[in-house]
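A.B. asks: Below are the features I grabbed from TrEMBL:
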DOMAIN    99-524  domain 'SAM-dependent MTase RsmB/NOP-type'
BINDING   217, 218, 219, 220, 221, 222, 223, 249, 310  S-adenosyl-L-methionine binding site
ACT_SITE  363  active site, nucleophile
């Protein structure tokens, strides 16, 4: 049965999600905290010039009214939008009608299969052999022959395109079983429902399993999850990849959403942080750049092999799924975000290793947010960074080259150079917004110390050949652009000196998708002045600009967007429309300038780096006990050797699996949960301790052990967690039971079974002879020996509790449902009848909070 769905605001939705689940360590955060006023006003001013939309005709209202006479269909028109992009020559004259026609059509639904999940082959098989055939026969007349098909440009046929929208998927009865399949697989992390063009940026990072990756503006987490898939996909059984993903977002509530979405991955190679992207900490122990590689065995400086800068943007590339954008869009939205995007991207470049690759991306079509940002990055970076030509990568992806020329619109007037801008608007319309080939005044203002300028943000572009670029840029002659003040269409066109044709722009009508912009940057050398320590973070937003933001009129208070949520098995299901909201609203009330609380804390950290290095060990111990970040529990290494030896002895964990130094907790007194972290994450945590906890860590690692509350006389105080079982299973030698498919299925279905009620009496006797406490039940297929079963990555196992007279399953409802479906698909075992339910009564006296 489909769960009821009610539209709620982003704030209410994420707060609700945060109440349903606790962050790692269970820290209670102040969710109403406002970190900054200035960028809040900047965000609100984006909607200042909302265009007036005429109400639909009476005939249209009558046609759409139906049961609700007051309902009116959304008006998918905005004259200012059309004028703006005709002038910018986004597409050729003869394509314009096709371009606008597709923008007014619903966005097709798409999803991606998690290739690192245990059952991805089963999912692929079910899609190809079951759903694809059935949907072709049932809905081909309505949605065409290829109602569901793999995206040709995504590697391994892991991404799928549907010829129907999410709304049609929910309402069409013929698609009900397929919809339920997608919901369930999404709940357990086997698939991710994500817009097709949103999947593109991570693919151009060329991620390897040993890469350290930074996702600077990560929430809601679909791209973060994709990056985690990439580093885990080729790992060996029982081994963790050498890399990690650090996912960051400024908003505390959005961090909760990020944690919720990435938790499905069950990975020990993830750190979630909560910082302004443009002020992301350095975390450096080296006094100069030559010391970075002084000790190859010890991390000296926080740097990354890959950086993803998917920055906040106006979001008009998502207009097909966000109809409200037609009403809200105005040309000032991109102008307001331009400098912030530059600042975030520059910070990303500063954190990138020499030889590393950074992708800048937006879901906006606006060149002020795209090509202008990339050009400014190249100006500021000099010869330290190059824009890569990746036109040979993903050859089946249809993309357009970046623009070499564009214009800037401000308050109804068009400008081709910054010299044309009135004096009173020069602090708002910046030189970096124009395709001038000269070094801009703004560049000099922010270039005093590249690496220390932590206010940097960036955008993303896509690559094509020069001939195509010229064709698109100059074939718009004769297109009607309406009334344009101060625009001389016959004047000389100002072209950028940078090879911006190497950027990529995806437009909707090329492959029935949303719009996106992508640029791939390669770091050739360190930025000038990159190793000066203790420098106070400077904000490139000048005083004049801040004062201007204060003076600008504010719009009426209204929710920026509404989204759909539903509660399924007490788990919040998040629609991928949250990604749209994330881009538009990353500059919400939690953003701020260097004067807000968060930035003040960051400044204090950098001012105290040198003195903090010389403090005594007592100071560092104090930091271990009390986090410097208000409302966030500290990350503490679990060092109780007696407890660790007890766990190792109880479960027979081999010495080859290192527990010492890899277990962390967020509890300052009695560790309720212990999380396992990879070697790469461990090094980051140790570095963060040594520099005075500059990183505000919201979540890390995978839950491995949890203190139990049973009074059955178990000699070990901790039980295993199902989330970490797949990692630990090859190294366990005790407290393992091997069940037949029938008994394993019944355990999953009824959760609690008496020893005497198992079909296999031998299994029941072995369970009864086991000492009380946590154990592992493994599904036995065929005649494999125990050692090969445990090392096989396809082995299915669950965590159970051996009680006084029963065996109790400790797996969440969504995971139990997932395993039951795998059993049915592999062995054809169906759910038992109601009579069987009576024969296997549930025991209600056991609850381990699984």
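The backbone N, Cα and C atoms fix where each Cβ goes, and this holds for glycine too.
Bear in mind that TrEMBL entries carry predicted annotations, made automatically and left uncurated.
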A.B. asks: Largest pairwise Cα distance, Å, within the listed S-adenosyl-L-methionine binders 217, 218, 219, 220, 221, 222, 223, 249, 310?
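C.D. replies: Pairwise Cα check on 217, 218, 219, 220, 221, 222, 223, 249, 310 gives a maximum of 13 Å.
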A.B. asks: Of 217, 219, 221, 223, 310, which binding-site residues come within 10 Å of residue 363 (active site, nucleophile), going by C-alpha to C-alpha distance?
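C.D. replies: The binding-site residues passing the 10 Å Cα test are 310.
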A.B. asks: Let me make sure I understand the structure: which of the recorded positions listed (217, 219, 363) has the fewest other Cβ atoms within 10 A of its Cβ?
C.D. replies: 217
A.B. asks: Give the mean pLDDT for the domain 'SAM-dependent MTase RsmB/NOP-type' (99-524) on the 0 to 100 scale.
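C.D. replies: Computed over the domain 'SAM-dependent MTase RsmB/NOP-type' (99-524), the mean pLDDT is 83 on the 0 to 100 scale.
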A.B. asks: Would you mind checking how many other C-beta atoms are within 10 angstroms of the C-beta on residue 310 (S-adenosyl-L-methionine binding site)?
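C.D. replies: Other Cβ atoms found within 10 Å: 30.
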A.B. asks: Out of 221, 223, which of these binding-site residues shows the lowest number of other CB atoms within 10 Å of its CB?
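C.D. replies: Checked 221, 223; of these binding-site residues, fewest Cβ neighbours within 10 Å: 223.
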